[in-house]
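These come from Swiss-Prot:
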- ARG88: active site (ACT_SITE)
- GLU91: active site (ACT_SITE)
- SER114: active site (ACT_SITE)
Amino acid sequence: MNRNDITEKIITTKVAKGITWESVAKKVGLSKEWVTAGCLGQMTFDEKQAKVVGKIFGLTAEEQKWLQVVPYKGSLPTPVPTDPLIYRWYEIVSVYGTTIKELIHEEFGDGIMSAIDFSMDIVRQPDPKGDRVNVVLSGKFLPYKTY
């Protein structure tokens, strides 16, 4: 058994029972974005959170322990994503990455945007021409230091 097996069980149970990520997040008491990432194997749950997730998805005590193991983050099955939605993000970074970098450096100086001290919010934005996906990424700016 490994973390991928637990993720597959969570997804299978989610589909079979019609569970939503938002309902899981409410029971865990955290954002739907973070909890979804955790259920998909990209974040580490603490013991209390793992028990809540375990109860929702019918996980054994051993399976709940796997939710508490630090995962190998950013583990997509291929270097260039093939899923169309994920590929759009790859494309966005390919096209706009240098622009984002330049504008962040112009505003903040030389450094990076943290993906650790980070939050994300995904909401539906109604639009008469077709609903839009509104994604807000908020990461702490971390300046490079001289030494």
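Cβ from N, Cα, C; glycine included.
Structure coloured by features recorded in Swiss-Prot.
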{"residue": "ARG88", "record": "active site", "Cβ neighbours (10 Å)": "12"}
{"residue": "GLU91", "record": "active site", "Cβ neighbours (10 Å)": "11"}
{"residue": "SER114", "record": "active site", "Cβ neighbours (10 Å)": "12"}
Hey, how far is GLU91 (active site) from SER114 (active site), Cα to Cα, in Å?
21
Whole-Å Cα distance, SER114 (active site) to ARG88 (active site), is 21
Taking DSSP as the reference, which of helix, strand or coil describes SER114 (active site)?
strand
